[in-house]
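Contents: one structure, followed by commentary.
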Amino acid sequence: MLNKTAITYGLLKDENVNDDHQEKEDALEATIGNFGKWQLRISVLMSLLKFPIAWFTLSIIFLAPPTNFWCKPSQKYSNMSDTEWLKISEKNYPRAMKQEGVNSGYCEMVDIENNPNSTIPCVYGYGYNRTIFSSTIITEWDLVCGHERLVELSQMTLMFGVLIGNIFCGIMADKKGRKTVLLWCIISQSVLGTVDSLVPWYSLFVLLRFLLGIANGGTVVTSFVMCLEVVGGKWRTVVPILYQIPFGFGISIMAGLAYFMRDWRELHLAISMISSIYFLYGWYDYFSSTRTIKRCMPESPRWLLAVGRKDEAIRILREAAIENKLNQQKFQEAVSGLPTITKTTKQKASFSALFSTRELRKRSFLLYINWTISGITFYAFSQYLGHVGSNVFLTVATSGLIAVPGALLCILLVGRAGRRATLAGSHLFTACCFLAVIAVPKGQYSHDWPRVVLAGCGITGISISMPALYLWTGELYPTVLRNAGVGTSIMFSRIGSMLAPVVVALEEFGPHVPLLILAVGACAEGLLVLPLPETKGLALPDTIEDLEDLGSLESDEKGYVTVPVRNDDGREEEAE
């Protein structure tokens, strides 16, 4: 029988050995193993939530696509078609003020009836090119000619909500449990999305998008943590990366839905109603008395152990052990070694602790800059995809599918080349793709296929760097600060996502300005990761002291640091 009673966030150690550096054993690994059917089911359920996450965060691509507009004619010309009216007025438009950029058109019209030598504002309203989209938030609320910044505001408001959701729901998940918070976020996300599809006022639309962003941000952080906490060993590297794959599929599915639903309200209502399917995650627990069904999405046993709810954790672990077909006698021996956490043994991390040492300050500073630029790059380029090719549906759908092999390639690269080389290389590759898109003129090829291919390559680079950055951030912080470190890093990513619409809007100063800015940002990211230490093959630091000890080790003549790590069979070996 195991005689283990001390715990550090799910790690067990022998209390009879007075050594702070003794070998520790993960609680889940000791009881249910690193990965089995139980972990697979939880991981799949969490990864499926990436579909609505993708839909709501990137729906702006189809809610506010690039739109051509012009001044509506007076009542005298109201019986004319748009084509006829434009033929009559087109020769006079050169003297009118034209708006360039994402949405191009005329904010003034020549006063044909009274004084052909002067221009007047669009007093009769605006006409729009509805060839591709029958209705968008731009056409419904006339977000042009001085009001075009309201499009950016709607997306910035959503991303600000996501930022708040990351922080607030992350804190609540630590207090109330991952499952409770996640279920509320799932329900709120669908309900708010449905209501937002029906509101008649722009101000209410933006307010609901803010609340929708909070729910979406809560879903993002809680599902990721849940996915991370149920696996162990090498699977803690593989699963969090595979968890990102449905996001790309979600983008492609949304493009397909938008192709058949050209009205923004229909599209938004469709993705909201489909998201209501996830109500089933909670239905089993609240409305069924069948024990098997209740195990659909259990609470994180690692969190239950950390907060001292040992009996609940053991019940869930026992069910997991049965599902994983583990030996019950060995399970009982492992369970007997699980500790009982009291209020006096619980520890809380603080934001200030992330800057308590020189090494932590350096890591936090560089990571926060990287996450901010990554947030700008990912969301700005995702929104810019609608401008890359002539067929917005094909461009967006292709980029979503290309992101899938990028995530798989990330697993291979981080395992062989390491975290730092993978991130630096993928950032520089992405920058080259952005510059190559600029070099290919728009409209010279069928469906702008070279630009679409290059944009897809850029998405591949981003889909490699983002999962690697998630993984590396978790490894660079010690266990006692890992949640706080990852959470605040994601917060800076959301700040970057709020700036993304502003970068896209800079197209009015030149069609290539946004991509040029993103290329420079990607190059900066590639350089900023170089001062950070490589973590491939190294034991994860548990405390701030462990981190400082690793940072103080001298490298050999080849520039490598030698530290003890554990291989797959648990034996200690040297790693470079």
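Using N, Cα and C of the backbone, Cβ positions are placed for all residues, glycine too.
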Between 452-472, 515-535, which stretch does TrEMBL give the note transmembrane segment? 452-472
Okay, the transmembrane segment (210-231) and the transmembrane segment (156-174): do they have at least three CB pairs under 8 Å, pairs separated by 6 or more? yes
Contact between the transmembrane segment (392-414) and the transmembrane segment (210-231) is defined here as three or more C-beta pairs under 8 Å separated by at least 6 residues; is that satisfied? no
Under 8 Å, at least three CB pairs between the transmembrane segment (181-204) and the transmembrane segment (267-287) (pairs 6 or more apart)? yes
Short question: which residues 6 or more past the ends of the transmembrane segment (421-440) have a Cβ under 8 Å from it? 377, 381, 388, 410, 413-414, 448, 450-451, 454-455, 457-458, 461-462, 464-465, 468-469, 472, 512, 515-516, 518-520, 522-523, 525-527, 529-530, 534
Highest Cβ pair tally under 8 Å against the transmembrane segment (44-64), stretches 238-261, 267-287, 392-414, 452-472, lands on 238-261
Quickly jot the same-chain residues contacting the transmembrane segment (267-287) by Cβ under 8 Å, restricted to those at least six beyond its ends, or write none. 45, 48-49, 51-52, 55-56, 59, 62-63, 182-183, 186-187, 189-190, 193-194, 196-198, 254, 257-258, 261, 293-294, 296-297
